[in-house]
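Visitor: Structure incoming, see below.
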């Protein structure tokens, strides 16, 4: 088993974030609440109709027109997206902008697992990130890691639902393979806490394994047959 793990990590690696390299609670209990707390202070400065010259207004102008009438409509709509965990690219862009403020002023620090830090900083093979969060938000997270670490110099690239598609669709993984130079799919391994994402990557020809961390969702016996790890060796 250890030999098999070493062989997997001697390959190009693509990592999910939430529940894979950092606790799922960081996103649900820290990032999402912080975003919601900052909504009113940020949106209260907007002028309606929205002035696209303003970065926040420019993002909000991409939401459906019927929610752009006033601050209350915008906040209600955005809160609904967050509550339903909708993978909306416009929402992800706005979250990234808000989280940047939090990371920059020290309110937010990413609790990346120690074993994930070790993998990212010592791997001789390329490591990429694929998350539903925007590429901008991914870069913020990995550049503001506990211990005052910046892991971005060790990462080869980033992908999100805007660049590559949704994570439960096998064509998204084929798109990533094309973007990283069309390596043989079986030489690339994807790690995620989501069985559906792992299945999609396998369908695209990649190797893929489920990462089991504290707080992650339960797995069925069928899920476990896909292969699991509890940490990166």
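Yeah, the Cβs are placed from backbone N, Cα and C, and that goes for glycine too.
According to Swiss-Prot, the feature Mg(2+) binding site maps to 16, 18, 193, an assignment based on sequence analysis. Taken from Swiss-Prot, the feature substrate binding site applies to 131, 132, 167.
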Visitor: How many other Cβ atoms sit within 10 Å of the Cβ of residue 132 (substrate binding site)?
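Guide: Result for residue 132 (substrate binding site): 21 neighbouring Cβ atoms inside 10 Å.
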Visitor: Taking DSSP three-state, what's residue 18 (Mg(2+) binding site) in: helix, strand or coil?
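Guide: In three-state terms, residue 18 (Mg(2+) binding site) counts as strand.
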Visitor: Residues near the Mg(2+) site, 16, 18, 193 excluded, by Cβ within 8 Å of the Cβ center?
Guide: 17, 19, 20, 21, 24, 131, 192, 194, 197, 211, 216
Visitor: Compute all pairwise C-alpha distances among 131, 132, 167, the residues listed as binding substrate, and give the largest one in whole angstrom.
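Guide: Greatest Cα separation within the listed binding residues comes to 8 Å.
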Visitor: For residue 18 (Mg(2+) binding site), what residues in its own chain, 6 or more apart in sequence, show a Cβ-Cβ distance under 8 Å?
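Guide: In sequence order, 24, 26, 27, 131, 133, 193 meet the Cβ cut-off.
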Visitor: May I ask which residues of the same chain, at least 6 positions away in sequence, place their Cβ under 8 angstroms from the Cβ of residue 167 (substrate binding site)?
Guide: 16, 130, 132, 161, 192, 194, 196, 197, 200
Visitor: I want the residues beyond 131, 132, 167 whose C-beta is within 8 angstroms of the mean position of the substrate site's C-beta atoms, in chain order.
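Guide: My list of surrounding residues reads 16, 17, 18, 87, 130, 133, 160, 161, 166, 197.
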